[in-house]
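Sequence annotations record features per position, and here Swiss-Prot assigns active site, proton donor to H110. According to Swiss-Prot, the active site, proton acceptor annotation covers Y175, on the basis of similarity to another entry. Summarising the annotation, Swiss-Prot assigns substrate binding site to N46, N109, K112, H130, R191, H195, Y233, H265 and lists similarity to another entry as the type of evidence. Taken from Swiss-Prot, the feature Zn(2+) binding site applies to H195, H251, C253, H265. Swiss-Prot lists 1-21 with the feature signal peptide, giving sequence analysis as the kind of evidence. The site 'Neutralizes the sugar carboxylate group at subsite +1' annotation in Swiss-Prot covers R191, and the record cites similarity to another entry as its basis.
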Amino acid sequence: MIIKQYLLKISLCVLLLGCDSAKKEISKNENSKTEVDYFADNGFGNAVALVQHPSGVYHNGITYVAYQGPLEDPYVASYNHETKEWKGPFKAGISEMGKDPSRKKKIDNHGKPALLIDNAGYVHIAFGGHGGMRHHGENTLGNYSYGKNLHAVSKKPYDISEWETRDNVSLFGTYSQFIKMDNGDIYLFYRHGAHRSDWVYQKSMDNGVTFSEPVSFLKHKRRTNIEAEDSWYPWVSRGNADDIIVAFDYHICRDNVNAQDARGHIPERHNVYYMVFDTKNGQWKNVKNERLQMPLTKEMADEKTLVRSIPNDWTFQGITDVDPDGNPHVAVLVGPDINARRSGPKRLQHFRWDGQQWLKSNTANLPRGDGDLEVTSATEVSIYLENKTSNDVGEISRWDSFNGGESFQKSKVFLQRENSGFVISSLIDNPHPDARIIVAEKEEGTDFRKMYLLGDNGPIKRSKKEAQVLND
């Protein structure tokens with residue numbers, strides 16, 4: 001009798017274990033079939049931004065995306081629009097930031113990756129820099145902050161699974177911005193150090209194997225009338241033909257202790273400017289086609305490149321695009337000085353060149369939030385915007401103008417999340433309609449972010465098992 005009871009217990013245990021195993025297998029299979037609308041959950045901090053760009057490139061049927069992941073290292077993923085297949089994310093390099101637990105600022109956020117594909121099919125990223133440090137050597141074009149600017153390249157064309165880091169760009173860079181011209185020339189723009197540094201570019205004519213020495217195009221220098229230095233924040237993009245276009249605002253980089261403002265050094269920016277770099281002849285010019293003496297100083301910028309003087313309110317993050325005739329549109333975030341170390345809430349202001357003068361658009365109906373600008377014709381202009389609604393709903397939307405940018409109306413919502421917010425990338429380079437922009441969802445209580453690839457049909461979905469990278 002005792003033996004029978006013992007055997008019965010064993011049989012029940014085996015049965016229960018088998019059931020439990022079967023349940024786990026069913027759950028595993030269901031998880032692999034369940035789709036979510038994010039492609040990865042390991043975005044970290046401000047995982048993407050407008051300034052480090054492009055964060056994504058569409059090429060030969062595939063969209064490639066890059067973002068900041070755990071420990072501020074760069075990650076790259078891809079989506080095949082024909083097969084609906086995701087690959088990655090793969091860690092593409094190791095940042096010198098994000099590893100020091102003793103730092104007061106745990107997440108630096110300045111070294112997010114910019115991505116480019118060269119004419120041979122190799123994928124490039126620039127990442128990891130916030131101006132470099134003194135032990136890296138002498139910075140002849142500015143001062144120092146943190147991190148180390150790095151350049152990594154895929155080991156095989158169009159294959160993002162393996163990477164190598166090349167020592168061929170300045171390690172003092174930050175805010176990396178990549179541009180590839182039609183002839184294959186690659187330009188890497190960045191600030192050569194911390195706030196009190198020149199903005200420069202390096203050029204490659206051999207698919208990023210080598211780069212020229214840094215060339216300054218925006219000059220930092222000491223002010224003589226106040227205790228501060230001139231500093232800049234440009235946003236660089238492709239124009240028409242051989243042109244590179246630049247929108248930028250001015251940072252008055254006050255001394256920590258100065259006689260003019262008791263707040264000391266604060267993120268105070270003013271004005272918005274525009275200029276063009278003709279890469280065919282190497283000349284810089286303003287919107288009136290007047291040549292500019294480079295590197296550009298504050299005095300010359302005010303005289304020749306000013307879009308709008310904004311002396312009292314604070315500005316942030318200029319963006320620009322041109323219509324098919326080369327007429328530029330410029331937008332910049334503007335918020336009031338509230339006598340604090342930050343400005344009040346900022347809203348996009350939009351300006352357009354009519355061939356004779358800069359005109360200010362009516363954007364009073366735009367919600368507060370950051371975004372990118374797309375000009376598709378002389379009359380059609382779109383703004384891709386992140387914002388929070390009055391009901392605390394994070395939203396990514398598009399606002400369209402059909403009157404050349406005079407006014408904008410909300411036309412499409414790509415994504416909404418309750419009790420969340422988003423950080424947004426610039427528009428993907430040469431975007432597929434289904435994959436125009438990358439966003440990271442900000443949730444309370446965690447520094448990790450769900451990453452979304454958004455297009456005209458909303459977010460591109462992925463299996464839950466593949467998207468939950470942090471559980472691997």
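Every residue, even glycine, has its Cβ placed from backbone N, Cα and C.
Distribution of Swiss-Prot features across the structure.
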residue : record                       : Cβ contacts under 8 Å, 6 or more apart
N109    : substrate binding site       : G45, N46, A49, Q68, E72
K112    : substrate binding site       : N46, A47, V48, A49, Q52, S55, Y67, Q68, P74, F127
H130    : substrate binding site       : M97, D108, H110, G111, S145, Y146, G147, T174, A194
Y175    : active site, proton acceptor : V51, Q52, H110, Y190, R191, Y233
H195    : substrate binding site       : N143, H220, E229, S231, H251, C253
H265    : substrate binding site       : C253, R254, D255, N256
I need the least crowded one of these recorded positions (H110, H251), counting other C-beta atoms within 10 angstroms of each C-beta. H251
Determine the most Cβ-crowded residue among the binding-site residues N46, R191, Y233, C253, using a 10 Å radius around each Cβ and all protein chains in the structure. R191
Note on Zn(2+): the CB centroid of H195, H251, C253, H265 has further same-chain residues inside 8 Å, namely R196, A228, E229, S231, I252, R254, P267, E268
